[in-house]
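**Student:** As listed in TrEMBL for this protein:
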COILED    181-208  coiled coil
COMPBIAS  283-299  compositional bias 'Basic and acidic residues'
DOMAIN    27-155  domain 'PID'
REGION    232-251  region 'Disordered'
REGION    268-299  region 'Disordered'
Amino acid sequence: MNRAFSRKKDKTWMHTPEALSKHYIPYNAKFLGSTEVEQPKGTEVVRDAVRKLKFARHIKKSEGQKIPKVELQISIYGVKILEPKTKEVQHNCQLHRISFCADDKTDKRIFTFICKDSESNKHLCYVFDSEKCAEEITLTIGQAFDLAYRKFLESGGKDVETRKQIAGMQKRSSRGSRCWIQDLETENMELKNKVQDLENRLRISQVSSSPAGSVTVKSPSTDIFDMVPFSPISHQSPTPTRNGTQLPPVPSRSAEIQRDLFGAEPFDPFNCGAGDFPPDIQSKLDEMQRQRWRGSKWD
């Protein structure tokens with residue numbers, strides 16, 4: 001049990017119950033700091049912690065550093081340690097996590113309490129320096145314990161769950177705005193990635209479901225002999241000859257004359273005249289044509 005609570009459990013408290021249950025009691029003090037302790041309670045435990053933090057204070061004082069001033073707000077829900085000007089909460093020690101509280105009889109200015117940290121589950125001893133109110137602050141914390149215990153008995157234990165919910169809300173709200181913004185940015189980035197993934201899936205499904213007839217077939221290009229390559233897809237209307245046989249389709253020639261690999265114009269038997277051949281070749285062709293005409297005449 002808290003040392004201050006044991007000291008005053010049979011006496012009259014200095015504050016009204018409404019002041020601690022509906023509001024809080026403020027005090028100003030100097031904060032020497034906090035240090036980890038091995039046990040949740042004990043006079044020797046806090047005495048070693050006070051000796052350790054006093055030594056650290058003398059070192060800081062020799063370096064020109066001042067002991068920071070804080071404001072304590074004591075209620076049945078716990079002890080808050082605030083910056084006195086900006087009212088920023090530096091530590092929020094919930095009452096059900098405080099296991100020991102005492103003032104130093106050898107130094108009337110010093111008072112301490114041990115609280116179990118909510119994140120690390122380590123026991124920390126908080127040490128303060130108050131010129132006039134060290135004992136009064138200790139007794140006020142003891143009165144807060146007494147009122148909280150009475151309220152617990154009256155509610156049949158239901159108030160414990162309420163305190164846990166309030167503590168959880170305070171813990172979530174104590175996170176800095178920077179962490180909150182980082183969480184929002186991370187969530188926003190995840191949503192963007194999901195939207196991009198859905199767009200890619202929709203685009204792939206549209207391509208796979210499109211009909212085969214909608215594919216545009218490019219016009220075939222001619223090869224080095226100025227011939228159109230065979231394609232089973234493109235069929236042209238057959239051109240009958242006098243013998244009743246069908247000749248292969250005549251490829252259409254472009255306006256520009258294409259040349260082969262040797263720089264010469266490709267031979268086209270359908271578009272060549274008499275002047276296209278050299279004289280010696282032309283004379284042989286004429287002789288062959290006369291012989292053929294003579295043979296057909298005798299037949």
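Cβ atoms here come from the backbone N, Cα and C positions, even for glycine.
No curator has checked TrEMBL annotations; they are predicted automatically.
Each of the listed features needs to be described in terms of its position in the shown structure.
**Tutor:** Away from its own ends, the coiled coil (181-208) comes close to no residue of its chain (no Cβ-Cβ distance under 8 Å at least six residues beyond either end).
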**Student:** In the domain 'PID' (27-155), how many residues does DSSP call helix, how many strand, and how many coil?
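**Tutor:** Residue counts for the domain 'PID' (27-155) by secondary structure: 44 helix, 49 strand, 36 coil.
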**Student:** If you average pLDDT over the domain 'PID' (27-155), what do you get?
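**Tutor:** Here the predicted model's pLDDT, averaged over the domain 'PID' (27-155), is 92.
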